[in-house]
């Protein structure tokens with residue numbers, strides 16, 4: 001009969017080197033990290049809400065049924081009814097209401113020193129079509145930027161670019177009022193382009209990204225040559241945003257980020273600089289151009305300088321006449337209460353007028369058209 005097998009354990013000899021080998025030291029674990037922090041976008045949606053509320057407030061203040069017998073949607077909208085399309089084709093309030101709420105007009109800024117209108121006009125909109133187009137574009141562009149860079153940077157970019165667009169508009173658009181967030185929106189587009197350049201090393205498909213963005217920008221700027229569109233606000237906002245992108249949207253290269261994510265106790269042979277030399281150069285040059293541009297522009301504006309006197313072709317940047325449309329007549333206007341002195345830039349004819357309503361921008365433009373024709 002076979003006995004069950006017996007398990008025998010052999011102890012290692014004292015001379016066995018495995019007995020005295022110390023355990024390997026624990027390897028430091030790398031810290032978990034995100035290459036760049038993602039932000040929760042709340043600022044851009046807040047801008048959409050604020051602009052929408054202010055549009056409703058402007059319609060309430062406008063109160064078309066109380067001031068006019070020709071309102072759109074009076075039976076349904078009541079106090080919020082729109083002005084007739086002859087006065088406002090965008091379905092919104094009157095020019096006088098917008099001016100009362102803070103719309104931009106050069107005369108108020110120069111003669112009454114209401115510089116705050118450079119910022120207030122970007123929160124107002126001329127009509128339903130206007131605000132819907134701007135807010136959809138803002139959500140499309142702004143949400144991604146806020147996720148990538150946070151509300152502080154994008155907030156500063158939005159406001160400063162909007163003021164830059166207003167400043168450019170004031171220097172070249174002398175008679176009509178201007179409202180809307182278009183300057184700020186083009187500032188975001190300009191910043192997206194400069195962000196590609198200043199952070200060039202962290203992108204893989206560099207030329208594809210640049211080409212796509214340039215096509216989008218060119219198409220949007222081309223729309224500005226249509227009549228009744230303030231392309232000077234677009235151009236001023238775009239240039240301001242483009243320069244701000246080098247200042248606010250700069251990012252460290254991958255080498256610096258990897259260095260910061262190294263485990264504790266790790267000592268790099270050569271410490272990486274936070275930014276590359278070309279990034280520092282772009283930042284400094286852009287900051288200087290921004291400061292000089294705003295100082296010179298505000299100085300010229302408050303002195304009442306008309307940019308059209310020094311650039312005879314610049315008006316084509318805002319409207320190019322074609323067989324399909326004609327550009328608005330352009331006049332130099334000086335006004336004292338209801339007395340208006342108007343000179344047509346095209347034929348140098350001038351005439352005095354007595355206005356029924358000193359703030360009626362539509363009437364002033366009609367007089368300008370008649371004078372130039």
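Just so it is clear, glycine is given a Cβ too, placed from its N, Cα and C backbone atoms.
The compositional bias 'Pro residues' feature in TrEMBL is assigned to 20-29.
For 113-249, the entry in TrEMBL reads domain 'Peptidase S54 rhomboid'.
Taken from TrEMBL, the feature region 'Disordered' applies to 1-30.
The transmembrane segment annotation in TrEMBL covers 39-61 (among others).
Taken from TrEMBL, the feature transmembrane segment applies to 122-143 (among others). Long-range contacts of the transmembrane segment (122-143) within the same chain, counting only residues at least 6 positions beyond its ends with a Cβ under 8 Å from a Cβ of the stretch, are 41, 44-45, 47-48, 50-52, 54-55, 58, 82, 88-93, 98, 101-103, 154, 158-159, 162-163, 165-166, 179-185, 188-189, 192.
Among the features that TrEMBL reports, transmembrane segment is placed at 155-177 (among others).
Under the heading transmembrane segment, TrEMBL lists 183-202 (among others).
Annotation comment: TrEMBL describes 209-226 (among others) as transmembrane segment.
Residues or ranges marked as transmembrane segment in TrEMBL: 232-250 (among others). If you look at the transmembrane segment (232-250), the same-chain residues 6 or more away from its ends with a CB under 8 A from one of its CBs are 149, 153, 156-157, 160-169, 171-173, 178, 180, 182-195, 197-199, 217, 220-221, 224, 275, 279, 282-283, 285-287, 289-290, 293, 317-318.
Positions annotated as transmembrane segment by TrEMBL: 277-302 (among others). Long-range contacts of the transmembrane segment (277-302) within the same chain, counting only residues at least 6 positions beyond its ends with a Cβ under 8 Å from a Cβ of the stretch, are 106, 109-110, 113, 115, 164, 167-168, 170-171, 194, 197-199, 239-240, 243-247, 250.
Sequence-distant contacts of the transmembrane segment (183-202) (same chain, at least 6 residues past either end, Cβ-Cβ under 8 Å): 122, 134, 137-138, 141-142, 145, 154, 157-166, 168-169, 209-210, 213-214, 216-217, 220-221, 233-246, 248-251, 253-254, 276, 279, 282-283, 286.
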